[in-house]
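Reading through the structure tokens given below for one structure.
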Amino acid sequence: MNVPHPHRPSLWLNARLATMDPAHGAPYGALEGHALLLRDGHIEAVLPQAEADAAAFDGEVFDLQGRWVTPGFVDCHTHLVYGGSRAAEWEKRLTGVPYQQIAAEGGGIVSTVRATRWLDEEELALASLPRLKALMAEGVTTVEIKSGYGLTLADELKQLAAARRLQASLPVEVATTLLAAHAVPPEYAGDADGYVDLVVESILPVAARAGLAEAVDAFCESVGFSPAQTRRVFEAARAHGLKVKGHVEQLSNLHGAELVAEFGGLSADHIEYLDDAGVAALKRAGTVAVLLPGAFYFLRETQKPPVDKLRAAGVPMAVSTDLNPGTSPFASIRLAMNQACVLFGLTPEEALAGVTRHAAQALGRGATHGRLAAGCVADLLVWDIAHPAELAYSVGVPLLKQRVFRGAAQHID
């Protein structure tokens, strides 16, 4: 299969499309025997094969020979820009050493903060590059990257700048999120309110003015920040024109999802302890529920998110890797899909929607990403599969034939 020139229009024939567009009604939004017309980095048309006049087309023509095509994957929740490793800490925990002892010895999130602060922007981007490339190799074309391991003005900005540097060097779209309210740094031990002052009065305004973040996140949890502190962060985000999202209801129910919904948040993430009021709030606000099965698995949790209630209420469910060094060190979007099915009870179709249409919605990109539809960006994946369910069924099997970003393709073979 040839690789199209990135600046020329292209016509992709003989495709089986998993459009993930509910307008088509069929499972996966499937269209058999169709063609895609790509121009200027966007999908210009999705048309039946019989209407695709290859002979008269003024660009490049490619025969997909009946292969399945999906939208490019969207990984809507990652912490992939960081320094260091927590493998030794994980090994200790497996042998029975309590987390409190590890933290007292300088481990835990503080060790990642220390390692991240030690690296400069270029070094941080280089350290994170293999993780991003691993996601791209499985079909990720858009990825969210959070800060949250700097916890000072300079280091939070450095993380966001490193994420932007990665976007500039690779064919991938990066959505940056400020997560300064991730943990209380050592300098503010015992003074969470004082640290929140720093976030809302300094870190967040500077990041907003610099254009380094498009959204603001906060870890609303008993071991993170209280609902009142989270509200302060969200109010500051709104004042600076930034969208909000939240790490909520992961370990307990502090009604953080309702707070996210109150601010019209893009997404409520983790949500293992989400209750009926939280489900209703997400539905009313149009907020996406982001499921993170990797962290659930890695931490050996037992409380599952209320998938049946979310499904019944019609709350869109996204699926993401939560790639991070402490609780989900997995750079595999297809593993997350498999885990969402096996651990949380999603169907393969729901899992695929979770890394395409709904994940795009969780990043405020629902109108332009995550579907094969006219007007959407020309980010698409060509697969060697017999059925779309295979994408969530197997892990580690290289199924991706071609990754197309804004109309330009790369061979995966």
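Including glycine, each Cβ sits where the backbone N, Cα and C put it.
Neighbour list (H79 (Fe(3+) binding site), Cβ cut-off 8 Å, at least 6 residues apart, same chain): I145, K146, G148, Y149, L179, D322, L323, N324, P325. The feature Fe(3+) binding site is assigned by Swiss-Prot to H77, H79, H247, D322.
Other Cβ atoms within 10 Å of the Cβ of D322 (Fe(3+) binding site) number 28 in total over all chains. Marked as Zn(2+) binding site by Swiss-Prot on the basis of sequence analysis: H77, H79, H247, D322.
For R86 (4-imidazolone-5-propanoate binding site), the same-chain residues that are 6 or more apart in sequence and have a Cβ closer than 8 Å to its Cβ are G107, S111, T112, P325, G326, P329. Annotated 4-imidazolone-5-propanoate binding site per Swiss-Prot: R86, Y149, H182, Q250, T327, in sequence order, evidence recorded as sequence analysis.
G326 (N-formimidoyl-L-glutamate binding site) falls within neither a helix nor a strand when secondary structure is assigned with DSSP, and so counts as coil. All chains included, 20 other C-beta atoms sit within 10 angstroms of the C-beta of G326 (N-formimidoyl-L-glutamate binding site). If you look up Swiss-Prot, you'll see Y149, N324, G326 marked as N-formimidoyl-L-glutamate binding site, on the strength of sequence analysis.
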Counting other CB atoms within 10 Å of each candidate's CB, the least crowded of the binding-site residues Q250, N324, T327 is T327
Around the Cβ of Y149 (4-imidazolone-5-propanoate binding site), other Cβ atoms found within 10 Å total 31
Going by C-beta under 8 A and a gap of 6 or more residues, the same-chain neighbours of H77 (Fe(3+) binding site) are E144, K146, S267, D269, V290, L292, A318, S320, T321, D322, A362
Out of H182, H247, the listed binding-site residues, fewest other Cβ atoms within 10 Å surround the Cβ of H182
Whole-Å Cα distance, H182 (4-imidazolone-5-propanoate binding site) to H247 (Fe(3+) binding site), is 9
Largest C-alpha distance in Å for the 4-imidazolone-5-propanoate site residues R86, Y149, H182, Q250, T327, as a whole number, is 21
Not counting H77, H79, H247, D322, residues with a CB within 8 A of the CB centroid of the Zn(2+) site are T78, K146, D269, H270, L292, A295, S320, L323, N324, S328
